[in-house]
């Protein structure tokens with residue numbers, strides 16, 4: 001795989017593993033209970049609506065969406081704000097997609113006044129929250145079980161090909177309106193890849209991409225030495241090509257294996273990997289760590305590492321010419337040409353100066369791909385002090401980011 005590929009897999013693997021087993025190392029310098037949604041604990045038994053929405057006086061509906069490859073996704077709908085709205089008026093739908101190894105709950109960790117879904121609902125939007133396959137609320141399939149390896153035979157390619165289209169089809173079918181989209185982290189990569197292939201665009205009104213992930217060649221990380229070591233065999237041995245569960249026994253073993261290497265400091269890995277988040281509340285981080293990270297597929301993690309190694313946004317590389325030929329009809333996986341994204345698609349990109357996963361240089365590479373975009377259709381926000389998690393849990397995210405998202409969406413109507 002080579003050093004860059006190892007570096008990528010190390011960074012993403014460390015990111016989710018450290019969140020799982022080192023909760024008290026993730027705290028920033030902001031303390032107290034500002035903006036904390038203390039009741040936010042979701043489980044398959046009570047659902048996300050009951051745990052994080054209706055408790056605050058909002059209407060919420062639990063929905064199921066089945067993808068063409070058979071996964072049954074849990075989706076929540078918040079049809080209106082806390083004070084309701086004008087009867088009979090159609091509200092603009094917005095679909096919110098989380099990142100890798102988390103689920104829809106991450107958007108609700110701050111108080112109703114401070115979290116994006118409820119802010120959007122209170123601003124007159126019809127809000128839909130997705131939960132990616134394999135996470136705790138979306139572990140069902142029409143014929144497979146999570147205990148079977150076949151259940152985990154997917155990477156983010158399948159999120160592009162099957163999951164986002166199913167979600168868009170469902171929301172469009174329910175509302176009859178084009179959809180505003182919000183993605184964070186992996187939720188931006190899958191959206192960009194989809195847009196580049198002409199998927200979703202006929203049902204899409206506009207897109208807001210937070211911590212946009214496309215190119216990953218410049219991820220800042222303090223883990224260069226360990227990344228140079230051949231531990232990919234360890235991840236395959238421990239996880240197989242099936243479920244990547246950071247909270248499982250194999251996750252702990254893998255982290256111990258990495259931390260036992262000389263020169264690796266496991267005391268503050270979240271900062272080393274995701275960047276120095278400026279604006280996290282320590283109590284909110286505790287709540288996050290009670291609920292996250294969530295499982296994903298090992299294949300998905302490997303695909304992300306390939307994105308680092310190869311310096312291009314491409315489909316999954318099976319590592320053998322014959323396998324690639326079988327899947328793609330060519331020996332090298334085809335790329336997602338991001339310059340093919342429709343130039344008149346309204347997009348808002350917000351990225352942080354301290355983000356080690358969505359690095360400034362990589363975002364500039366993405367923006368270079370978008371250089372032919374209609375000037376009045378592309379809005380870009382740079383937040384000097386923000387890192388990866390500030391966009392979903394920052395105590396000032398409402399004032400810094402979310403109000404701008406609302407303004408952007410309303411500007412398209």
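Just so you know, the numbers here start at 1 and follow the chain as drawn.
Glycine is treated like the rest: Cβ placed from N, Cα and C.
Keep in mind that what you see is a predicted model, and the values were worked out from it rather than measured.
Annotation comment: TrEMBL describes 185 as active site, nucleophile. As annotated by TrEMBL, active site, charge relay system applies to 355, 388. The feature domain 'Partial AB-hydrolase lipase' is assigned by TrEMBL to 53-110. TrEMBL lists 119-392 with the feature domain 'AB hydrolase-1'. Look at TrEMBL and you will find 1-20 tagged as signal peptide.
Residue 355 (active site, charge relay system) sits 5 Å from residue 388 (active site, charge relay system), taking the Cα positions as reference.
Its Cβ taken as reference, residue 388 (active site, charge relay system) is surrounded by 26 other Cβ atoms within 10 Å in the chains shown. There are 27 other Cβ atoms within 10 Å of the Cβ belonging to the residue listed as 'active site, nucleophile'.
There are 28 other Cβ atoms within 10 Å of the Cβ belonging to residue 355 (active site, charge relay system). Across the range of the domain 'Partial AB-hydrolase lipase' (53-110), the DSSP-based residue counts are 8 helix, 23 strand, 27 coil. Between the C-alpha atoms of the residue listed as 'active site, nucleophile' and residue 388 (active site, charge relay system), the distance comes to 8 Å.
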